[in-house]
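Among the features that TrEMBL reports, transmembrane segment is placed at A:17-38, A:70-93, A:114-135, A:147-165, A:198-219, A:268-290. Look at TrEMBL and you will find A:74-286 tagged as domain 'ABC transmembrane type-1'.
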Amino acid sequence: MVDSAGKGFRREKGVEILLALAASVSVLVTIGIVVSLFSETAGFFKEVSVKEFFTGTKWTPLFSPAHYGIAPLVAGTMLVTVIAMIVAAPLGLASAIYLSEYAPDGVRRLIKPVLEILAGIPTIVYGYFALTFVTPIIRAVFPQTNVFNALSAGIVMGIMLIPMISSLSEDAMTAVPNSLREAAYALGATKLEVSYKVVIPAAVSGIVASFILAFSRAIGETMIVTLAAGSTPKLTFNPLDSIQTMTAFIVQVMLGDAPFGSIEYKSVYAVASVLFVVTLSLNLIGTWIVRRYKEVY
Amino acid sequence: MIRQDEMFSPGLQNRQRRNRIFKWIFLSANLLGLVVLAALLVKVMRDSWGWLDLQFISSFPSRFPEKAGILPALYGTVYLMIITAVFAIPLGIGAAVFLEEYAKKSKFLSIIQVNIYNLAGIPSIVYGILGLTVFVRWMMLGRSLLAGGLTMGLLILPVIIVTAQEAIRAVPQSWRHASYALGASKWQTIRYVVLPSALPGILTGIILALSRAIGETAPLIPIGALTFIRVIPGSLFDSFTVLPIQIYNWTSRPQDDFRAIAAAGIVVLLVVLLGMNSIAILLRNKYQGRIKEV
Amino acid sequence: MTLESIISVRNLHVSYRDRKVLKGINLDIYKNRITAIMGPSGCGKSTLLRCMNRMIDLSEGARVGGKVLYRGENIYSPKIDPAQIRFRIGMVFQKPNPFPKSIFENVAFGPRINGYKGDLSALVEQSLQRAGLWDEVKDRLHENAYMLSGGQQQRLCIARALALEPEVLLLDEPCSALDPISTMHVEELIRQLKERLTIVIVTHNIQQAARVADYTAFLLQGELVEFGETSRMFTVPKDKRTEDFITGRFG
Ligand SMILES: Nc1ncnc2c1ncn2[C@@H]1O[C@H](COP(=O)(O)OP(=O)(O)OP(=O)(O)O)[C@@H](O)[C@H]1O
Ligand SMILES: [Mg+2]
């Protein structure tokens, strides 16, 4: 009796330890990302000064003379993501308002799956769509447009982000207690007034969080920009121009044959580190805001 | 006393008209999604018309578009998903069980939880670099199926953990108490009560995570998934390609015919995803039904 | 003094999905009087009240039959915009529900959306005065309303409704979330407000009805059992069920 109880206890303990190990993998992944990124990034900064990297305005690691100023990649990334947000923020918010305040149940049940499908379409497919469908339309309107351009990638990325903003903002809006809506209706407010004078202000932190998380997602998006936005690092604000984003640069080098240990190879890690730090910070801010508004109600 | 009618001008007709106009604006934001989805589907259908046939499914890539096919990519995708699943599912469920059933509420636990949420938000290309560094180089797995599968496994791990946690959390506490009352141990309770009733939810999460993995391209680029594969990978250490990589390769070529087979590849990819998602939706409906019964 | 009926409920039926909750109610609300609607929990008091300013439209699955006449006009006629009714007939809810905005903005909300033409600050002050809250908040008008106590929040909600100078004020158990002192304040306030407007107050508290109401309606399982002057009803109830309820012999 005592023996079998002891065995049972040991097995219970063993299982718990195994499960704890599984849970700790997530921490290992984070450590792994940090260590692997910074291992080569450190090597990169032995050869390129931190000052040049952050203040230089030319990015030409694959040609000589090589320049390693990240500004053009950051500018390219910003150009595409800002376009994406101009598309996604108003449309995503409008979609969320409709779903949370206006939609009858039946219509809602129709729209939600469409948004879920849009959210589930692989980015490579969006990339194909940008390059072969949206770009020709843009070029028909503005003939001076480059085959690869920030606008097409930005628009399609924006469309890709609509479901994300819509569903996160909708969550924030449905968390607004109904008693507030009733208070406004009882004063003779229209549905529109209830939406933008009561619901949106009350849900504003969640809405902002959805924008931040979408923005972070846009910065890290890779395939759309690789296919449609080009591979010419350029400090430009012209959306019709070919540019290169941080992610597209990483792909470009990874597809080439830069040998391990070369400076081009290391430059990928430096860029990826920037990408990681920026998106992680945005995500931390975004999830922090979401947690805070969840506590309020 | 002042009559209210003199002091207020509600102008309700105008306000209601504005309300109706905005209602249509808000609705059209959603209809736009539908329109884009339709345009996208029509576009790939039309581009791939005539290219998607048995020959395409059963051939190897080729310099000549009319001879090219996606057979190795299909095999690669299936093999990669198997490795990903074998790696990520037990880890993910294990982690979720630990976090929900064992871990005490503590600062450390909340750090792990925040960490998991944030892992889900890290760009997939960064996972690719993690895989390249840790699996391909440090562990010397080479540019192999195994390295790709492990990388993809890490990528979807947070999704599996979070959805499994939600499913486990939805199991009523009273069921656990009933099991303990019958003398079951903690692990027995989890094994025979909690996991079986959380299973549909967990499965839904797994399928959604795997369908994300199937469509991912970026993390496999640093791993070095190749596109000109002339043999079907036979071992964990063989080089490989997958559908999205193959599609990417064809799309990035300027010739129209390659675009056409890229579109054909997209159709195949979307069909696979559609199948997986239908299963997930079926499961979810069943699952929701069950929770209501409780 | 003749009694003028400002709201007349005529053969009102309400059901939620298939469940009938009001079965043919007929009731008159008299101008500048306080009418209490009392009855046990779930008998349909709130439903009846919400029918009087069409807030019932917002309850999912509710179907309304019959008429509610406001100044002789059926508010359920298709040409009536419910917002227009709610602008004239104010409502205060069971739980205080101030907007997460400043005290000032809470009171100013109604006047702003309804195009108030006068001096907004003066109106806000006047409304807070009438709600008996002015002295307590005059130095902190721009603080968030959530800083106030529950009782103060409820009086703020009353001030918010008063800012539109409604002819009728509907109160749905306005004191049920409040402590006795705050309840006393609100009851006192209601008695004062009677001068300017008509009040309908839902309560399941018999003493409260006795304390504040001129008229009382007793509702039971969706039916109006008895309606009349409060003093008469509490001394010589006509219906056995009313008597049981008043004397606390009720389930
Ligand atoms: N939105 C709704 N959907 C379905 N049923 C409802 C809804 N609102 C109320 N009911 C039901 O209608 C009946 C009457 O509800 P009502 O809120 O009018 O009662 P009440 O007299 O105000 O009760 P209480 O004193 O508890 O507030 C109740 O049985 C309630 O369950
Ligand atoms: Mg009620």
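Each Cβ is built from the backbone N, Cα and C atoms, and glycine gets one as well.
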Two-stretch contact, the transmembrane segment (A:268-290) and the transmembrane segment (A:17-38), at least three Cβ pairs under 8 Å: yes
Close approaches to the transmembrane segment (A:17-38) from elsewhere in its chain (Cβ under 8 angstroms; 6 or more beyond its ends): 269, 272-273, 276
Of A:70-93, A:114-135, A:147-165, whichever stretch has the most CB pairs under 8 A to the transmembrane segment (A:198-219): A:70-93
Contact yes or no, the transmembrane segment (A:114-135) and the transmembrane segment (A:147-165), 3+ Cβ pairs under 8 Å, gap 6+: yes
